[in-house]
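Right, one structure below, let's go through it.
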Amino acid sequence: MNDDQYYMKLALDLAASAKGKTNPNPVVGAVIVKDGVIAGTGIHRKAGEPHAEVHAFKMAGEYAEGATLYVTLEPCSHYGKTPPCANLVKESGVRRVVVATQDPNPEVAGRGISILKDAGIEVEVGVLEKEAQRLNERFIHNMLTDRPFVISKYAMTLDGKLATHTGHSKWITGEEARHSVHLLRDEVDAILVGIGTVLADDPSLTTRLPEGGGKNPIRIILDSELRVPLDAKVVQVSGAKTLVVTQENAPADKMDLLREKGIEFIFVPKNETGLNLKALMEELYKKGITDVLLEGGSEVNASFLREGLIDKYLIYIAPKLLGGRNSLTPYTGMNVDTMDEAMDVSFSGVETFGEDIRITAYPK
Ligand code: AOF
Ligand code: ZN
């Protein structure tokens, strides 16, 4: 690892510490180095608050003169909730700027880099670029598609089952794996499940961390026939907002009773395969939802897969075998006839949680 990579890695680690806390903004870290000494560090902590560079320059003070700035995302060039960082960098006196990756925000998209170059600052782009893009995969996806980033998460046995043939599924994975799921819930804006999962498991879909704290994502229930029971935990357990996705002609009296409980509705038209999920995703993004943890069941998972709406897979695998001719698998509703029609993914990593493993994968 050379010096540039070393300091960029530090900036990326700083940025990563704010993952899930900056939505809809990206995570960004900045490090200012003068004569081989770190003079300033900064993290963008929350949308609406100062950008990473602002904190780093505040710390560096006069040491910024002639220094190198390492920043994980191109300094911004626009007036958003905060003024352009490129101007601040230009006036700081830094001699060199190392950027991991360009900002995909159409309001920036290279303009920040141009401002710096035009000011005679030496700019290098692309140091640890892949890592920086992975770290902001959610933000980049939002900017390019105007849709939330969808993560398909499920826990299965080593023989690919989500439950026994009787439907029993508590628990497939152990405590450590389940804890990691609560950390995920704390990071995302929303969790989405189908009504089948609500009826079968009655989950509360809240974030429960033993160390306390944590934020509850919005609970989204796909329920085209409005079958959600009034005594379901997603209705009764407070502390998290619930959005029910149904059709405009759903029974008004039941909607009124649910509204009294604080439930909100999104109306989405049906198409041949069920609710129009692309339309739903666009609607959710307009409401400010930037990422969705898709937590099943296997029919809803299959609908998202068929529509090409899954952006990442987090697959927990427990060292257990269940068998069962008709036991559910993660995407039961999808029927592929021949191998050449299979959905291809690429594995990107494997982690261990107690006795379980988690595979991270992306669509190919
Ligand atoms: C940076 N450094 O630390 C961040 C940047 O509304 P604002 O003013 O906060 O602007 C948000 C946009 O600024 C965001 O969409 C992205 O393009 C950029 N974020 N840029 O130079 C930072 N967080
Ligand atoms: Zn900025």
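Cβ coordinates are placed from backbone N, Cα and C, and glycine is handled just like the others.
Curation does not apply to TrEMBL; its annotations are automatic.
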According to TrEMBL, which candidate in GLU107, GLU282, GLU283, GLU295 joins ARG185, LEU205, ARG208 at the substrate site: GLU295
Further NADP(+) ligand in TrEMBL, beside SER169, TRP171, THR197, ASP201, SER224, GLY297, SER298, GLU299, VAL300, ASN301, ALA302, SER303, within candidate set ALA155, ALA190: ALA155
Coarse DSSP state, helix versus strand versus coil, of ASP201 (NADP(+) binding site): helix
Residue pair GLU299 (NADP(+) binding site), ARG208 (substrate binding site) - Cα distance, angstrom, rounded: 26
When distances run from the Cα of GLU53 (active site, proton donor) to each of the binding-site residues CYS76, ARG185, LEU205, ARG208, GLU295, the nearest one: CYS76
Minimum Cα separation from HIS51 (Zn(2+) binding site), reported as the residue among binding-site residues ALA155, LEU205, ARG208, ASN301, SER303 that achieves it: ARG208
List of residues, in chain order, with Cβ under 8 A from that of ASP201 (NADP(+) binding site) and at least 6 apart: SER169
In sequence order, those binding-site residues of HIS51, TRP171, ARG208, ASN301 whose CB lies under 6 Å from ligand 2: HIS51
